[in-house]
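J.: The structure that follows is given in the form of structure tokens.
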Amino acid sequence: MSWQTYVDEHLMCEIEGHHLASAAIFGHDGTVWAQSADFPQFKPEEITGIMKDLDEPGHLAPTGMFVAAAKYMVIQGEPGAVIRGKKGAGGITIKKTGQALVVGIYDEPMTPGQCNMVVERLGDYLVEQGM
């Protein structure tokens, strides 16, 4: 299965009539493996900040997390594994696997829990596959 198929079929899938606004899978170095058509352009320093927060949980909390120049308030995640962010009526979930970052961005009416479920389910599967 291609990385694009994971994005199209597993991240951009419909959940209770809703779907993510955009999604992507990155390498730990920030290389885009696959993304939805309207996924925002990450800056290299944003990926660096995300990886640092995954290595040193709490790094982004004081300043917020920037994604494509949009600021997200960092909310509780799983130290070293998941970062969650909130911005207005939407937010972001980032799941770290052995080799990748699985990213989902949502807006209302999708809920934070639905975004978390979609992103973390694929991330957990990739971890089980050694990815």
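Positions of Cβ are set from backbone N, Cα and C atoms, glycine also.
In case it helps, Swiss-Prot gives these features for our protein:
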type	residues	note
DISULFID	Cys13-Cys115	disulfide bond
MOD_RES	Thr111	phosphothreonine
MOTIF	81-97	motif 'Involved in PIP2 interaction'
J.: Near the motif 'Involved in PIP2 interaction' (81-97), which residues from the same chain, at least 6 beyond its ends, have a CB less than 8 A from one of its CBs?
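T.: Residues packing against the motif 'Involved in PIP2 interaction' (81-97) from afar: 21, 28, 50, 53-54, 60, 64-65, 67, 70-75, 103-108, 112, 115-116, 119-120, 122-124, 126-127, 131.
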J.: State which of the following disulfide-bonded residues has the fewest other Cβ atoms within 10 Å around its Cβ: Cys13, Cys115.
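T.: Selected from the disulfide-bonded residues Cys13, Cys115 on minimum Cβ neighbours within 10 Å: Cys13.
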J.: Starting from the Cβ of the residue listed as 'phosphothreonine', draw a 10 Å sphere and report how many other Cβ atoms land inside it.
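T.: Looking across every protein chain shown, the total is 14.
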J.: Treating G and I as helix alongside H, and B as strand alongside E, what does DSSP give for the motif 'Involved in PIP2 interaction' (81-97) in helix, strand and coil?
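T.: Its residues fall into 0 helix, 13 strand, 4 coil.
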J.: Please give the average pLDDT for the motif 'Involved in PIP2 interaction' (81-97) in this predicted model.
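T.: That stretch averages a pLDDT of 97.
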